[in-house]
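Taking it in order: structure first as structure tokens, then the write-up.
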Amino acid sequence: MNNLYQRDCLRLLDFTSLELQNIITLAQKLKQYKKNNKEIQLLKKKNIALIFEKESTRTRCSFEVAAFDQGAHVTYLGPGSTHLGTKESIEDTAKILGRLYDGIQYRGHHHSTIEILAKNSKVPVWNGLTEKFHPTQLLADLLTIKEIFPERKFYEIKCAYVGDAHNNMGNSLLEAASLVGLDLRLVAPKECWPEKNIFKFCKEQIKNKKGNIICTENINEGVKNVDFIYTDVWVSMGESKEVWKKRIELLSSYQVNSLMLKITNNPQVKVLHCLPALHDQKTCTVKSILKKYGFKNGMEITDEVFQKNQKIIFEQAENRLHTIKAILVSSLLKTIKF
């Protein structure tokens, strides 16, 4: 019996440490099957609803391709194409979608919305991103880390997340570290540290996993001897220009660049980025943002560092597909046979 059957994925703490590592192992198998053209369609006749209140490239494509590869059908419900929470309550929408579909993905603004969907739909609900958590991204990150260091335990791996940690990525990184025992350093000004209650809980949980979690403003302390430096954009579309200005001023000295890589004292240090990245000026939007705030060579990461690490970064992005596929398979099948 598959103990993940009919389970939601709203945040990583929905799973035990063993369950999380089993999902990663399943993702490795599914990735290998796809690479070898030996995909086994386990989700035939399954129907999946994809609710996107916030638009996306990687999340939408990963869910759609994962479903198609496995023989499932999807319905894309984009921004403005449902009455969710406007003409129809979230509860009522959840109840009807739960009758029509075998599973629901939600990507939107409020974590409370996905909690209501999960409570009322009676089918598995998966979090594609909310303002509080981004679990499918962290599953891809853990798979990427495991592929690079297959022989090492997670508690033997040091990872520094540099930048804004007061967001869904900071919260989900904390939860991931607390479950698998990662040695995690969140390197940011205090104003950009994660929520205290989540940090405190995860700090307590990790004591049983041999790993460690710290928050520090000190870049030298945070990145010394790490195996990975991880960063994300400092600003998001839809936020006010006042928020952008304040955050960029706070984070301007936390850019991932060649000097920061030298500070790690690890010539083999790897760089992760969950994308999109403001590393060059090849789009009008990014060009105008960089010019406005006085950045000539990328914002949160320089183009030089991005290009040197692009193989890993794009592998990390591809791994969204394989880990999401593992979530779909594990939550929609009573038993999993290969």
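Backbone N, Cα and C atoms are what each Cβ position is placed from, and that goes for glycine too.
Per Swiss-Prot, the features are:
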BINDING   S56, T57, R58, T59, R107, H134, P135, T136, Q137, C274, L275, R320  carbamoyl phosphate binding site
BINDING   N168, D232, S236, M237  L-ornithine binding site
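All features noted in Swiss-Prot, drawn onto the structure.
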residue: S56; record: carbamoyl phosphate binding site; contacts (Cβ under 8 Å, 6+ apart): R107, G128, L129
residue: R58; record: carbamoyl phosphate binding site; contacts (Cβ under 8 Å, 6+ apart): L275, A317, R320
residue: P135; record: carbamoyl phosphate binding site; contacts (Cβ under 8 Å, 6+ apart): C9, L10, R11, L12, D14, N127, S172, E175
residue: Q137; record: carbamoyl phosphate binding site; contacts (Cβ under 8 Å, 6+ apart): L129, M169, S172, C274, R320
residue: N168; record: L-ornithine binding site; contacts (Cβ under 8 Å, 6+ apart): L129, T130, E131, K132, F133, H134
residue: D232; record: L-ornithine binding site; contacts (Cβ under 8 Å, 6+ apart): G163, D164, N167, M169, H273, C274, E300
residue: S236; record: L-ornithine binding site; contacts (Cβ under 8 Å, 6+ apart): none
residue: M237; record: L-ornithine binding site; contacts (Cβ under 8 Å, 6+ apart): none
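The record gives N168, D232, S236, M237 for L-ornithine. Within 8 Å of the mean position of their Cβ atoms, the other Cβ atoms in that chain belong to N167, M169, V233, V235. Whole-number maximum of the Cα to Cα distances across the carbamoyl phosphate-binding residues S56, T57, R58, T59, R107, H134, P135, T136, Q137, C274, L275, R320: 16 angstrom.
Annotation note: P135 (carbamoyl phosphate binding site) sits in a helical segment as assigned by DSSP. DSSP assigns R58 (carbamoyl phosphate binding site) to a helix in the three-state reduction. Maximum C-alpha to C-alpha distance over the listed L-ornithine-binding residues N168, D232, S236, M237 is 15 Å. Mapped onto three states, the DSSP output places R107 (carbamoyl phosphate binding site) in strand.
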